[in-house]
Amino acid sequence: MAATRVLTAATAVTQTTSCFLAKQAFTLPAKKSCGGFGGLCFSRRALVLKSKRPFSCSAIYNPQVKVQEEGPAESLDYRVFFLDGSGKKVSPWHDIPLTLGDGVFNFIVEIPKESKAKMEVATDEDFTPIKQDTKKGKLRYYPYNINWNYGLLPQTWEDPSHANSEVEGCFGDNDPVDVVEIGETQRKIGDILKIKPLAALAMIDEGELDWKIVAISLDDPKAHLVNDVEDVEKHFPGTLTAIRDWFRDYKIPDGKPANRFGLGDKPANKDYALKIIQETNESWAKLVKRSVDAGDLSLY
């Protein structure tokens with residue numbers, strides 16, 4: 001029998017049953033800040049792109065989202081589906097809204113901190129449930145626990161046809177943008193958190209660009225203390241280095257080379273992270289509008 005739990009998810013900007021451009025423009029005031037941890041500096045003036053508004057498609061409005069687990073945990077059949085208030089399956093990737101305004105975003109937990117089962121949204125399955133990743137028919141695990149909550153930003157996509165000129169011309173990894181949430185609480189698979197981005201790391205995995213947005217949940221006791229990359233080093237000393245080193249080295253025990261990082265091997269600041277989020281939201285919008293080839297990706 002499927003197990004079901006109810007989450008209180010953040011609501012969308014406006015109610016909708018079809019694709020729309022949100023009324024609130026995703027813009028930032030002109031300001032310049034630099035990360036104290038050797039962080040890259042990014043001016044908000046440069047964040048004005050062709051499209052200033054976050055794109056959202058069929059974003060759910062009902063704050064009650066049910067998470068339904070099907071199949072035994074840590075099995076090939078295990079899936080975590082998301083249901084709306086009527087019990088209809090929805091996609092955590094496509095139907096949960098990205099932005100809530102005022103620099104706050106929805107974050108969906110795939111892997112709870114202090115666990116090592118490699119969970120991910122199944123981007124090629126209907127309704128994109130969360131499942132455990134496999135290789136050659138076997139379940140995948142990290143060689144050691146991940147020390148932070150890990151998951152995705154909904155309604156984002158790293159376009160594999162787009163070469164990033166700022167990161168060695170690397171192409172996107174064809175997945176939603178990853179988030180590393182540094183709060184103290186261990187979350188559950190499928191939890192939806194309100195987070196604020198703090199920094200970004202440009203990981204290069206076998207030649208593909210795989211952004212890691214460092215963020216914190218708004219309900220964490222230290223959330224009010226951190227607003228940018230330099231605050232992370234002050235209030236979470238050593239965390240940015242630990243995140244970089246963990247993702248650099250986790251494949252080594254399997255005999256693979258270490259991952260690399262662009263942008264001078266340094267974390268970029270909050271403004272740069274927001275730029276990445278906006279750009280990948282625009283890429284996702286092109287995907288769901290079928291302006292680019294979706295390949296095997298599920299669009300519902």
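Easy rule for this one: first residue shown is 1, then count along the chain.
Cβ atoms are placed via backbone N, Cα and C, with glycine included.
Per Swiss-Prot, the feature diphosphate binding site maps to R140; the stated evidence is similarity to another entry. Feature annotation from Swiss-Prot assigns active site, proton donor to Y142; the stated evidence is similarity to another entry. According to Swiss-Prot, the feature Mg(2+) 1 binding site maps to D173, D178, D210. Sequence annotations record features per position, and here Swiss-Prot assigns Mg(2+) 2 binding site to D178 based on similarity to another entry.
Neighbouring residues of the recorded Mg(2+) 1 site, listed in sequence order and excluding D173, D178, D210, comprise E158, G172, D175, V177, M203, D205, E208, L209, W211, K212 (Cβ within 8 Å of the Cβ centroid). A strand conformation is recorded for D210 (Mg(2+) 1 binding site) in the three-state DSSP classification. Annotated pair D210 (Mg(2+) 1 binding site) and R140 (diphosphate binding site), C-alpha to C-alpha distance, rounded: 19 Å. Around Y142 (active site, proton donor), the C-beta neighbours below 8 angstroms that are at least 6 residues distant in the chain are K116, A117, K118, Y250.
Distance from the CA of D173 (Mg(2+) 1 binding site) to the CA of R140 (diphosphate binding site) is 19 Å. Neighbour density for D210 (Mg(2+) 1 binding site): within 10 A of its CB lie 20 other CB atoms from the protein chains shown.
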